[in-house]
Every structure is written in C-alpha cells, then in structure tokens.
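Since the structure comes first, as structure tokens, the remarks are kept for the end.
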Amino acid sequence: MSGSIASYDQLVRQVEALKKENSHLRRELEDNSNHLSKLENETSDMKEVLKHLQGKLEQEARVMVSSGQTEVLDQLKALQMDITSLYNLKFAPEATSGGRGTEESPAGPASHRDGPGELGRATFRMLEELDRER
C-alpha cells in the first residue's frame with residue numbers, strides 16, 4: 001500500500017506543479033495581450049502622425065510647384081518613396097499575420113486600405129502630375 005501512497009503523493013506534486021505552470025502561463029498571456037494592445041495603440045498613433053505629415057508634405061509640394069522650386073520637389077519625391085518603402089517593409093507582415101479575429105482581417109475596415117502606403121502612392125502620383133503640369 002505504501003507504493004500507492006507514494007504514487008498518490010507524486011500525482012499531487014505533479015498537479016501542483018501543473019497548476020503553478022498554468023498560473024504562470026496565464027500571467028504571461030495577459031502580459032503579452034497588454035503589450036500587444038499597447039503596440040497596436042502606438043501603431044495607430046504613428047499612422048495618424050504619418051497622415052498628418054503626408055498632408056503637410058502635399059501642401060508644401062503644391063506651394064513649391066507654384067513657386068518653381070523643383071529641385072526641392074524632386075528631393076521630396078525621393079523622400080516620399082523612401083518613407084513608403086520603409087512603411088511597407090515595417091508593416092506589411094501585419095496584414096498577412098494569422099491568428100487574429102475577423103475584425104482585423106484584410107477585408108476589414110477601410111483604414112487598412114487607406115493607410116500611409118496608399119497615401120504615399122497617391123501623393124507620388126499627384127507630385128508627378130504637378131511636375132508634368134509645370
């Protein structure tokens with residue numbers, strides 16, 4: 001009978017160890033979830049800043065075209081292409097990552113389709129059109 005008591009004690013220790021591990025994993029999952037939420041908020045804030053900067057760049061480009069400052073405009077075009085490329089490299093994996101809810105799927109809100117990458121392409125096309133008009 002002492003063998004069965006030892007087996008029972010061993011099982012109790014294993015259950016306790018599993019409870020501790022489960023508790024640890026729950027805390028880690030909660031921490032990761034909080035961290036992910038924080039990163040999503042920061043990303044959203046950065047997108048808003050990029051949109052604001054994009055608007056300023058577009059406005060400045062219009063002023064430069066109308067005043068004939070084309071070499072600075074060419075530099076802005078190059079900078080815009082660099083910013084767009086950097087954004088696409090940095091955030092493209094988010095669009096293809098798995099394990100997310102349907103609210104974040106590629107067919108989700110329009111904000112994914114109208115992000116800074118699309119704004120950059122539209123701005124670049126507009127700058128090219130303004131340059132041709134000049």
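Note that Cβ sites are derived from N, Cα and C of the backbone, with glycine treated the same way.
The average pLDDT for the domain 'Adenomatous polyposis coli N-terminal dimerisation' (6-57) in the predicted structure is 93. TrEMBL lists 6-57 with the feature domain 'Adenomatous polyposis coli N-terminal dimerisation'.
For 24-43 (among others), the entry in TrEMBL reads region 'Disordered'. Taken through DSSP, the region 'Disordered' (24-43) splits into 20 helix, 0 strand, 0 coil.
Per TrEMBL, the feature region 'Disordered' maps to 93-121 (among others).
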